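J.: TrEMBL lists these features:
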type	residues	note
DOMAIN	D:11-174	domain 'Arginosuccinate synthase-like N-terminal'
BINDING	D:Ala15, D:Tyr16, D:Ser17, D:Gly18, D:Gly19, D:Leu20, D:Asp21, D:Thr22, D:Ser23, D:Ala42, D:Gly125	ATP binding site
BINDING	D:Tyr95, D:Ser100, D:Asn131, D:Arg135, D:Ser186, D:Ser195, D:Glu271, D:Tyr283	L-citrulline binding site
BINDING	D:Thr127, D:Asn131, D:Asp132	L-aspartate binding site
DOMAIN	D:185-403	domain 'Arginosuccinate synthase C-terminal'
There are 4 protein chains.
Amino acid sequence: MTSSAVPAPKKVVLAYSGGLDTSIILKWLQTEYNAEVITFTADLGQGEELAPAREKALKMGIKPENIFIDDLREEFVRDFVFPMFRANTVYEGQYLLGTSIARPLIAKRQIEIARMVGADAVCHGATGKGNDQVRFELGYYALEPDIHVIAPWREWEFKSREALLDFAEKHQIPISKDKRGEAPFSVDANLLHSSSEGKVLEDPAVEAPEFVHQRTISPEDAPDTPTVFTMGFEKGDAVSIDGVALSPAELLTKLNQLGHDNGVGRLDLVENRFVGMKSRGVYETPGGTILLAAHRGIESITLDRGAMHLKDELAVKYAHLIYNGFWFSPEREMLQAAIDHSQAKVSGTVRVKLYKGNVSIIGRESPNSLYDQDLVTFEEGVQAYDHRDAAGFIKLNALRLRVLGKRDARDNG
Amino acid sequence: MTSSAVPAPKKVVLAYSGGLDTSIILKWLQTEYNAEVITFTADLGQGEELAPAREKALKMGIKPENIFIDDLREEFVRDFVFPMFRANTVYEGQYLLGTSIARPLIAKRQIEIARMVGADAVCHGATGKGNDQVRFELGYYALEPDIHVIAPWREWEFKSREALLDFAEKHQIPISKDKRGEAPFSVDANLLHSSSEGKVLEDPAVEAPEFVHQRTISPEDAPDTPTVFTMGFEKGDAVSIDGVALSPAELLTKLNQLGHDNGVGRLDLVENRFVGMKSRGVYETPGGTILLAAHRGIESITLDRGAMHLKDELAVKYAHLIYNGFWFSPEREMLQAAIDHSQAKVSGTVRVKLYKGNVSIIGRESPNSLYDQDLVTFEEGVQAYDHRDAAGFIKLNALRLRVLGKRDARDNG
Amino acid sequence: MTSSAVPAPKKVVLAYSGGLDTSIILKWLQTEYNAEVITFTADLGQGEELAPAREKALKMGIKPENIFIDDLREEFVRDFVFPMFRANTVYEGQYLLGTSIARPLIAKRQIEIARMVGADAVCHGATGKGNDQVRFELGYYALEPDIHVIAPWREWEFKSREALLDFAEKHQIPISKDKRGEAPFSVDANLLHSSSEGKVLEDPAVEAPEFVHQRTISPEDAPDTPTVFTMGFEKGDAVSIDGVALSPAELLTKLNQLGHDNGVGRLDLVENRFVGMKSRGVYETPGGTILLAAHRGIESITLDRGAMHLKDELAVKYAHLIYNGFWFSPEREMLQAAIDHSQAKVSGTVRVKLYKGNVSIIGRESPNSLYDQDLVTFEEGVQAYDHRDAAGFIKLNALRLRVLGKRDARDNG
Amino acid sequence: MTSSAVPAPKKVVLAYSGGLDTSIILKWLQTEYNAEVITFTADLGQGEELAPAREKALKMGIKPENIFIDDLREEFVRDFVFPMFRANTVYEGQYLLGTSIARPLIAKRQIEIARMVGADAVCHGATGKGNDQVRFELGYYALEPDIHVIAPWREWEFKSREALLDFAEKHQIPISKDKRGEAPFSVDANLLHSSSEGKVLEDPAVEAPEFVHQRTISPEDAPDTPTVFTMGFEKGDAVSIDGVALSPAELLTKLNQLGHDNGVGRLDLVENRFVGMKSRGVYETPGGTILLAAHRGIESITLDRGAMHLKDELAVKYAHLIYNGFWFSPEREMLQAAIDHSQAKVSGTVRVKLYKGNVSIIGRESPNSLYDQDLVTFEEGVQAYDHRDAAGFIKLNALRLRVLGKRDARDNG
C-alpha cells in the first residue's frame, strides 16, 4: 500500500481530453510533479474529434510515443454497456448509468498503458465532489493496488476559476473565448449518453432550459409520424436492426440516431451521489432508453418468471454497485454471473415504435418463446390447464393466512 | 377449516357487476346451490352506472335488502392506491398493478357484508386461469378463515361459451347483441386503470389495435402543446393539483382526465401470472403513471439516500406481494410499515409536464428539501465540503479491493 | 400438458425403499393401475442395506430387469450437498436442509430410469401434507414436463393405518411386528442427516425424547476430551481431513462419524412447511454442522467482504428455493452461478475442535488469505494504512446524515 | 458543515473510561486544545467500578459539575439490545454485534450532555483502524450535524506506545504496572458481550488462548449436568426467567450468569471491518447467545411464515447497518418499523437447556401459537386439510417449469 512517505511519481498516465481543464492538469503535472506525462485519450463515442488532442499534447511537450489515442467504442458497448443492460438496471428508478459505466473502462485502459510504459502513477480530471473520482480510483486500485493516484482537483491550491485561467495563460495554454466567461453547465458524453449539470441546472425547482440538451431533439420538434423498426437479440444482447446485423457500437450508434430524431431518452433528475449529497442532472440516453425497453420486451416472452423476478431483485443492488464505482468487484462479478446465466435463451425479435419521446414495444417473437397461447386462451378444447388445480393452489397458499386469521380473531375475541 | 363434507352454503355474497357473466352466476347460485344470494356491486371508478345492476338484481329475484351497492372510490384510493404508490412499486419493471390493487378491497367489503347479513359463503366471477381468483380468495380466507368460497368458473359444467349463453337464455337473462358474437377482448376497469386482454391481443407479436384502448387517447391524437400543472404532496400522498386541495378519489379522477387528454399511461405487456403462465395485456393507467413520476419527483428532494435505496429494494418484493394477492398478509404489512415510516417528510410541490404520452417532472420544491445547493456547486467560497475528505473515503472503500488485487496477482503470478 | 382424459399409465418408475409403505404402494400400482412397475432404490447413505429391497421386489413379481438399485452417494454429496454448502444456507435460521437436498436427486434419477425403460409415469411415497411431494414432483415436471405423476397418498381410498395394513395382509406383504403397533415417530435419512417427526414429537412444548435420535450420541454421553482435526478445502469444497484426501461421500461419512461421536448436530425445530402449516422436527446433521462451520471458517480469510455480504443476502433466498423444491429452476441456477463464482479462491485449511456438541473453528490458513496482519496490528512502523483516511471516510459517510439532521432540526424547530 | 477554518473547540465532552488511554486523551485535550473537558463515563454493564473514574477526573482538574457518570444499563438493553434481537440479526453469519450496538448509545448520551453543558465538541478514544470511530462519529453527526469531533488517535503525533507513556508520565498520569509492558490483547465489554482482539490473537491460524476469555468459563470446565429454565416473552422481548419478571438489564444480567456458568457464547472469528480490512476477534456473548436461540424458539410457533421469511431477508441488511454504525439512519428505522410490526404476537414461554456450551430449545408454548397439531398429524378423522389440494398446488407451481422444460427440450432437440 502507498504510504505518506512514498517517493514522488516519475511517470504519470493522464486521462486527457484535450480540453482546457485536462490541459491545465497536464501542465500542472509537469510543473508541480516534474513528472513525465503520458496522455491517454479515449474515443468512447463522445462525438468529438480526437486529432486535436494529439496536437495539443505535442505542443505541450509530450513525446509522440507518450500519446495514446484509442478507439474504445466497440469494447465499451460490448463489454460494459451490453452486460449492464442485460440486468435492466436503473439507478433510483430512473437513471440509466451512462456516465458510471464508462469510468471503469477508462480506468482499465489507463492501467494497461501504465504497465506498458512503466508508469508509476495515473491521474484523472474528476472533481472532489463527484462520483467519478470514486469510480476512476476504485478501478485503478482494484486493477493495480499499488498505483499512485493523482487527483489534481483535490490537491492543488487554485482557489478559483480565475486562478486556474491565470495559470493556463501563464503557461500558454489556449483558452477559447467561451471558456473565459462561466460555462452555463458542464457536460459528460459517451456513446451511451450525455449528461449536463451545474450552473443553470442547480435549482431543481426550475425547468431545464432547452439549450442544455445535446443528444436529442425535443419531443415537440420530433416528426409527427412514428418510426417503427425491429431489433434482433441473441442471448440478451441486441445484434441487429431491421434485420441488418450490426456490431455493438454500430448498433448503439444507430439507436442513438433513431432516438435523437424522435426526441427519446431525456431525463431531468435529482439523484443521490455516493459522496453524500444530492445533485441535479439532465441526462440524454436515446439509444439506451430504446435498448432497455426492447430488452425487457424480448425477455418478456423468453425469460422464466423465477429468473425474471430474481433479476429484478438483483438489479437494484447491481445499479448501486455500478453507480458507486464497484465494477471491478467480486460482488458485481457474482451478480453478472447470475444475470448472464439467465440470458442463454433471450433471443428473438422485437418491434419498436418511436413517437415524439415515446418508446413502445408493439410486438415480440422468438423461437425460444415461453408464451403459450393454449394456456391463456379463454377458449376450451385443448385441455392444457385444469381449472380445478387452481383451487388447491389457492387453498394451500391461503392456509397460513387462515391459521393466522383464526389466531388473531381468537386473541381479539 | 372447511372439509369436503361441509354443509352446502345457504347465503352467498356475490361480487356482482350486473353484466352477463355475473348474472349467469347469480342464477346458477340460485338453481345449483339453492342459495339465498346477496349481490354486492362496488363503484371503484370503473366508469359504469350502477343503477342498472340494482334493477337487474331485483328482476332476478334478489330481495331489496340483499342488494348492496357501495361507492368505494375514496376508500380505494386512500387506503389501497395511495399506500401502494408510496412504494413506487411496479411489477416486472412496468405494470402499475391496477387490477391487483382493487381485488383486496372487494374481498374485504364482501366479507364485511357477509358478516352483516350472516352469509356463510362468498362468490366471485374470476376465471380459473387468472390471478384474480387468487387475489379474491386470499383476501376472503385471510379475513374470514372459515368462509365457504364459491368460484363458479372452476366448478360448473358449462363446456363452452355457447352452453353458458344457452343457460342464460333458458333463464331469461337478457343478452345484449354484442355478447352473442365473441367479444374481441376482455376488460377490467377501476379508478386506477383499465386492462384489456384476450382474443385480438393473444398474439404478442401483433400490435394491439387502437380500439382496445378505453381510458386514453393515442399520443398521436393528443394536443400539440404541452399541459403543465403542479401537484402538492403531503407525507407521500398527493393532495392537490394546481394548488386546489382534492380528496384522494377526486385527485386521481383529475389526473386520469389530464392523462387521458395527453395520451399518457398506455402499456402493452407480456407478464408472468402467479398461476404459472405468461399472458399479454394492454394497460392504461393515465393518472397512476403521472402519480408515480410525481411521487418519485418529490421523493428525489425530500428522501434520504439510505431510505430511498432501501425502498427501491423493498419495492420489488412489495410488487410481487400485491400482484400475487397477499395484500392481507403480515409481510405486506411489514413492508408497508417500513415504507410509511419513510414518508413523514415527503411533502412539497412538483411541476409536471404532459405532452403526447410523455410525463416530465420539470420542477420540485419542498420546505423539507435535502437538496443543498452549497454542497454541489462548482463555486468556491462557502466551505461546506472538504474535497480532501473524498481522498480518505476512496482509500478506505478501495482497501479491500487492493488487498484482493494483490492476492490475485500473487496467485496468478 | 396432461389433461383429465389422459390414458392410464402403463409403466411406472416407483421410488422404492423396500419398506412396508412403498411395498404397499407397489402392490397398489399393480392392482389399481394394472401397471408394470419399475422399482428404483437409491443408496443415499441412509444406512440401510439395499439387498433386501431387491429380494422383496422380486417376491412381489418385479422382473429383474425392472429393479434398479443405485449407489448415488458420491453424486449426492458432490453435485447436491457441496454446491448447497458453498452457499452457507440455512432455512429459517437453523435447518440445514438435509431432507430437501436429497429429493431432487431421486427425482432426477427416476426420470433417467423412466427414459431408459420407456416408462410413462413416476411414483413416490411422500404424503399429501408434507414438502417432499412438492420437491419430488417439481423435479419430475421440470425434467420431463409431460410425465404422469402418481402420488398414492393423495389418491387412494384407505381411510386409516388399519385399512392400509389390511391391504398389505391381503396381498401377503410381510409386516414386521413393530409396524403393527403405531411407530412412535417417522424418520427420513441420508448421508447428510436424519430427520424425525410426528407422534411423540407433535407437541412442541414437550422435549424430544432421547430415543428419537439416531445419528448422534447425546452431548452428555460424548467424550470428556475434545477431538481436534484439520479440514482441507479447495474452491469452496472440503477435500481432506487431517491431510488425507477423501472423495465427497467419504469425507462426509468421516465427518458424520466425528460428529456422531461428539454429540454434534442435533436440532429441535418448529418450521414452516411450503404447503402452509408449521411442523416440528428433530434433525441430526453431524457432518453437515461441522462442514458449515468449517466452510465459514475458510471463507472468513479467503473471501472478500463484498462477496461475503452478497452471499449472505442470497443465501436466504437460496434456502427457500431448496426447501420449497425448486432445485431445477432457473433462479436456483442463477444463484448457484453467483455463489460458485465466489468460491474460486476459497481454498486452505481449517482446524476444527469438537467437544460435547460444540464445533469450534480454532485456526484457519490459506495461501489465498486476504487477512493482512500489517493492516490490523496496533503496532506502528509499517505504514500500510493511513489513519487520516478514516476521517474522510467517516465525513462522507456522515454527510447525508448531517444534512438530514439539519433538515429535521429545522422542521421541528 | 464544518470548514477547515472553524474556530478551535472550547468545551469538549470526552467519553472517559478512567483508564490509561482516555486519561492521556483527557490531558492531551487540556494541553493541546486548551479546552474545558467534560468527562462522561457510562455504566453499560462492562463490569468495572465507576467511582475511580470520578476520582481520576477530579485529580486531573475536571470540575465536579463537569463529571458525568451515568448508569445506562436499562436504556442499553431496552432501547438498543432488545430491538436488535427482535431481528435475530448476526453479522457475517455469526457475530452478535455486541460492540456495535453499544456505540450509538454512548454517542447519543455524549450529544445530550454536550447540549446540557453547551459544549461545542465531542471526543472518543477509538483508534483510526477500527469500526468504533465510525460508529461514534456517525452517531454524533446524525444527532448534532455541526458538532466538532475530536478523534485523538487520528490526530496526535505520538509515534509509539512508548511516546504515549512518556506523555502520561510527564503529566503525572498513573500507569499501572501491567500497562508498562505490552498488554497481550485489547478488550471491550458491556452488558451484552466482551470482545478481545490484537496481539496474541493476531494470527488467525493459532488458537485463541484460554486466558483471553473473560465472561465465560470454558465448556470443558462447565458442570456435567445441564441447566434448564424457562424464559417468558412479550411482543418479542424477553420479560421473565423461570416465571420471575425482570427488567431488561436484570434479565440480561441473569442470562449472562447462566451462560457464563455453562460455557455458553464463545466465538472465535475473522470478520470484515467497515474500514476495509479483516480482523480476528474473540467474542463472548453468553446471555445474547441464549436470547437469540430463545427468541427464534418463541417466534417459531407465533410468527407467520411470510413474516419470518421477510425478517430473515431483512436481518442481513440490518446487521450490516448496525455493524457499520448506521443506527441513527432512516433505513435502520425503516427496518425496525417492519421488524417491530411483526412482533405483536411474539409472546409465550420457551424452555431452554444449557449444557457445556450448548443452548437447546426444548419446549415452546404460547397462547398465540400458530402451530396446529390437527394440520400436521398423520392421523385422520379431523378433516382439517384436504390432501388433494396439494395436487393443484404442485401443478400450478410446476407450470412454468414444465413450459420451460418443453422449450429447452425443443431447443436442444
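Cβ atoms here come from the backbone N, Cα and C positions, even for glycine.
Since we're looking at a predicted model, the values are computed, not measured.
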J.: DSSP on D:Tyr95 (L-citrulline binding site), three-state: which is it?
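T.: Going by the DSSP assignment, D:Tyr95 (L-citrulline binding site) falls within a strand, counted as strand.
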J.: For D:Ser195 (L-citrulline binding site), just count the other CB atoms lying within 10 A of its CB, please.
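T.: The Cβ of D:Ser195 (L-citrulline binding site) has 23 Cβ neighbours within 10 Å.
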J.: Within a 10 Å radius of its Cβ, which of these binding-site residues (D:Asp21, D:Asp132) has the fewest neighbouring Cβ atoms?
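T.: Each of the binding-site residues D:Asp21, D:Asp132 was scored by Cβ atoms within 10 Å; lowest is D:Asp21.
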J.: Measuring Cα to Cα, how far is D:Asp132 (L-aspartate binding site) from D:Ser195 (L-citrulline binding site) in Å?
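T.: So the alpha carbons of D:Asp132 (L-aspartate binding site) and D:Ser195 (L-citrulline binding site) sit roughly 13 Å from each other.
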J.: Please report the three-state DSSP label of D:Ser100 (L-citrulline binding site).
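T.: D:Ser100 (L-citrulline binding site) sits in coil per DSSP, no helix or strand.
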J.: Around the Cβ of D:Ser186 (L-citrulline binding site), how many other Cβ atoms lie within 10 Å? Please give the count over every shown protein chain.
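T.: Counting Cβ neighbours of D:Ser186 (L-citrulline binding site) within 10 Å gives 16.
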J.: Listed in sequence order, which of the binding-site residues D:Asn131, D:Asp132, D:Ser186, D:Glu271 sit with a CB under 8 A of chain C?
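T.: Near chain C, the qualifying binding-site residues are D:Ser186, D:Glu271.
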J.: Would you mind reading off the Cα separation of D:Ser195 (L-citrulline binding site) from D:Ser17 (ATP binding site), to the nearest angstrom?
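T.: That comes out at 16 Å between the alpha carbons.
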J.: For D:Gly125 (ATP binding site), list the number of other Cβ atoms lying within 10 Å of its Cβ atom.
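T.: D:Gly125 (ATP binding site) is surrounded by 21 other Cβ atoms within 10 Å.
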J.: Let me make sure I understand the structure: which of the binding-site residues listed (D:Tyr95, D:Tyr283) has the fewest other Cβ atoms within 10 A of its Cβ?
T.: D:Tyr95
J.: Rank the binding-site residues D:Ser100, D:Asn131 by the number of other Cβ atoms within 10 Å of each Cβ, and give the residue at the low end.
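T.: Checked D:Ser100, D:Asn131; of these binding-site residues, fewest Cβ neighbours within 10 Å: D:Asn131.
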J.: List the Cα distance (Å, whole number) between D:Arg135 (L-citrulline binding site) and D:Thr127 (L-aspartate binding site).
T.: 12
J.: For ATP, with binders D:Ala15, D:Tyr16, D:Ser17, D:Gly18, D:Gly19, D:Leu20, D:Asp21, D:Thr22, D:Ser23, D:Ala42, D:Gly125, what's the maximum Cα separation in whole Å?
T.: 16
J.: Write down the Cα-Cα distance for D:Thr127 (L-aspartate binding site) and D:Ser100 (L-citrulline binding site), rounded and given in Å.
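T.: Cα-Cα distance, D:Ser100 (L-citrulline binding site) to D:Thr127 (L-aspartate binding site): 15 Å.
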J.: Which one, from the binding-site residues D:Ala15, D:Ser23, D:Arg135, has the smallest tally of other C-beta atoms lying within 10 Å of its C-beta?
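T.: Comparing Cβ neighbours within 10 Å for the binding-site residues D:Ala15, D:Ser23, D:Arg135, D:Ala15 has the fewest.
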J.: Where does D:Ser17 (ATP binding site) sit in DSSP terms: helix, strand, or coil?
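T.: Once the DSSP labels are grouped into three classes, D:Ser17 (ATP binding site) ends up as coil.
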J.: I'd like to confirm something. Which of the binding-site residues, D:Tyr95, D:Ser186, D:Glu271, D:Tyr283, has a Cα closest to the Cα of D:Gly19 (ATP binding site)?
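T.: Spatially nearest to D:Gly19 (ATP binding site) by Cα position is D:Ser186.
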J.: Helix, strand or coil by DSSP: which one applies to D:Thr127 (L-aspartate binding site)?
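T.: Where D:Thr127 (L-aspartate binding site) sits, the three-state DSSP reduction gives coil.
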J.: What is the total of other Cβ atoms whose distance to the Cβ of D:Ser17 (ATP binding site) is within 10 Å?
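T.: Step by step: centre on the Cβ of D:Ser17 (ATP binding site), count other Cβ atoms within 10 Å, giving 19.
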J.: Could you tell me which three-state DSSP class D:Ser23 (ATP binding site) falls into?
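T.: Looking at the DSSP assignment, D:Ser23 (ATP binding site) belongs to a helix.
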J.: Could you round the CA separation between D:Ala15 (ATP binding site) and D:Asn131 (L-citrulline binding site) to a whole angstrom and send it over?
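T.: A Cα-Cα distance of 16 Å.
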J.: Using the recorded L-aspartate site (D:Thr127, D:Asn131, D:Asp132) as reference, state which further residues of the same chain have their Cβ within 8 Å of the centre of those residues' Cβ atoms, listed in sequence order.
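T.: Going along the sequence, the neighbours come out as D:Ala126, D:Lys129, D:Gly130, D:Gln133, D:Val134, D:Arg135, D:Val275.
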